[in-house]
Amino acid sequence: MGILVGKDSRVIVQGMTGSEGAKHSRAMKEFGTNVVAGVTPGKGGQDFEGWPIYNTVAEAKEQHDANVSIIFVPPFGAADAVLEAAYAGIPLIILITEGVPTTDMMKAVQEVSRLSEENKAQGGQGIRLIGGNCPGLVTNGECKVGIMPNRIYQNPGRIGLISRSGTLTYEAAKLLNDAGMGTSTTVGIGGGPIIGTTFADVLPMFEADPDTDAVVVIGEIGGADEEAAAEYIAQNMKKPVVAFISGRSAPKGKRMGHAGAIIMGDVGTPESKLAAFKAANVPVADTMPEIIDLVKKALNQ
Amino acid sequence: MKLHEYQGRELLRRAGANVQEGRLAHTPEEVRAIAEEFGEPVVVKAQVHVGGRGKAGGVKFSPTPEKAYENAQNILGMDIKGLTVNKVLVTKAVDIDAGTEYYVGMIVDRNVGSYTLMASSEGGMDIEEVAAATPEKIIHHRVDPITGLRPFEARDIALKAGFKGNLNKIADMMVKLSEAAFERDAVLVEINPLFVDADGTPMVLDTKFEVDDNAMFRHRDLADWRELEAEHPLEVEASEYGFAYVKLDDGNGGVLGNGAGIVMTSLDVVNRAGAKPANFLDIGGGAKADVVYNAVKLVSKDPDVKSIFINIFGGITRADEVAKGVIQALDEGILTKPVRMRIAGTAEDEAKALLNEKSSDLIKMYPTMFEAAEEAAKEANSAAEGK
């Protein structure tokens, strides 16, 4: 099993007929994910490589009882696609798109959160948005709703992985594989300044997951998500957590690709993140391979 | 995209804020003419994309048109932190002592998932210094992204920050600031100082405005404001290719990789290996050979770069495409500096086969990013010493 997705996930792809959407729909299917339909406004009624295409998320959900949506819609329409899925009642929405305007993300994240609270108040399960600018998530050997390379997720293991960076997620997953440990669920939360789900949101899921023994958190400079994660770990986590921080040598005030990876004043510095993890007794790896040593050590304690 | 002060003022003026009058000039003669027309003392202000203009001598009070002419002669052509001043803003001077200077700013705040409006009675100063020395003098308020800032909230903030003056007019100015931020997809907008005169009327004296690059598709009118000559030529070229590229000071080693996270980690590894990264270059996900070729071309052009460290973990990006791009650059004679690379992941074996076919001292592969970075650092440092 794992967290968030599994064999029961019935996935729709918003933007399936675009080049990225098509490519990753195929890759998810190869992985074994139950991709049930696609949504492309204006192409409703068409068949795409065996998948039915719908004009709206609501139709796709109704026809297939979909419970997860992954979004490959270009930046200008991405936030709208998120809201369409949320209003259609999809409980888990993964926004892959990179470069969504920040003000759009602000509005979408807040509206999804309000809808989620309303759903819960009416006895529903709430709505979770993961991303944008993220690689998605994969429960090893079971279900992938994302763009991670399939071949590094063939051997299920018992280490949970949460990361702000796509490529470093793959790197860490491969290191864990090569070390004979493997991952349970990997969650790429995304590197943008405003994202739907944070480290601190995912940690409790891993804490409660019977298939996860330890968690690796891959953070980077900028923002205070790592600090919030450290605080959560110190107060609530019984399972061991190991961290890595990327961009420790980056100069202040320069935006390093990820819009979120910028140091403003003393907020988001490597020093403040390292101090927060230290205070929470979370070992921080100096290099990626050291993550493996620290996980082994933590599991043996 | 960073805007000049005169451009930021224009956006605030269009949003309905009371902005102090000013005019752009490119020559001392134009400055004198504007000063004569105003018939009052003026301030001549350098328009460059860096902070600390005042301290560098780029902002001068000018009591007469002749003095304005003289100041403009000194400021135009001046070098401020590596950028040449080729235009100035001429504004009417304000008797600061006859009023009060405040600070208001809107910044994207990932910790609250929206903008935070900051207000302080310590105007006219660097807000980061205020934050460091007297954080209690800054009021923070999360602005709801759906409703924007509303007048009742603005009045409350103004009172809490200790602003004196016409409460309604000051609150209105803050609401306009919020509207401009949302409307123009600002990453940051500051009014500093926000000047409140003896009658209690607020006025924008200076502003900093930066627009979200991801939102430029809906601000095509602002794209015309971009001045390529005011930016680093390599950054301009990088933006044409669609790369996330940052030129780093005092570096000697070029760095490129696929993904912001891995490039940041690559910078860390190069630092650990004892060299100084000269740039940050993310080729993005799924890059094909031509993209890699352009990336290598771009980094090779930087005279500071003595070696290039390429760090690829192929996911969507295919390692063999990366290899093809590097080989093309070598074949065309563009690659003249040693490339030390680690390529792993998707199509790794194909990439290695391609690179092994090409035996050249300029391109070498290593099994880990650390070994590749060590070698790249060695090459960079010895080339720098040999100079």
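Placement of Cβ uses the backbone N, Cα and C atoms for every residue, glycine included.
TrEMBL entries are annotated by machine, without manual review.
As annotated by TrEMBL, ATP binding site applies to B:K45, B:G52, B:R53, B:G54, B:V94, B:E101. Residues or ranges marked as Mg(2+) binding site in TrEMBL: B:N192, B:D206. Summarising the annotation, TrEMBL assigns substrate binding site to B:N258, B:G315, B:I316, B:T317. If you look up TrEMBL, you'll see B:9-220 marked as domain 'ATP-grasp'.
For B:G54 (ATP binding site), the number of other Cβ atoms no farther than 10 Å from its own Cβ, over all displayed protein chains, is 13.
Contacting chain A by the Cβ rule (under 8 Å between Cβ atoms), the binding-site residues B:K45, B:V94, B:N258, B:G315, B:I316 reduce to B:N258, B:G315, B:I316. Here B:V94 (ATP binding site) comes close to B:Q20, B:F195, B:D197, B:M203, B:L205: these same-chain residues lie at least six apart in sequence, with C-beta atoms under 8 angstroms from its C-beta. Rounded to a whole number, the distance between the Cα atoms of B:E101 (ATP binding site) and B:N192 (Mg(2+) binding site) is 8 Å. Each of the binding-site residues B:K45, B:R53 was scored by how many other Cβ atoms lie within 10 Å of its Cβ, and the smallest score goes to B:R53. Counting neighbouring Cβ atoms within 10 Å of each of the binding-site residues (B:E101, B:D206), the lowest count belongs to B:E101. Of all the binding-site residues listed (B:G52, B:G315), B:G315 sits in the most crowded Cβ setting, with the most other Cβ atoms within 10 Å. Residue pair B:N258 (substrate binding site) / B:K45 (ATP binding site) shows a Cα separation of 41 Å. Classification of B:K45 (ATP binding site) by DSSP places it within a strand. Distance from the CA of B:G52 (ATP binding site) to the CA of B:I316 (substrate binding site) is 43 Å.
The highest number of surrounding Cβ atoms within 10 Å, among the binding-site residues B:N192, B:N258, B:T317, is found at B:N258.
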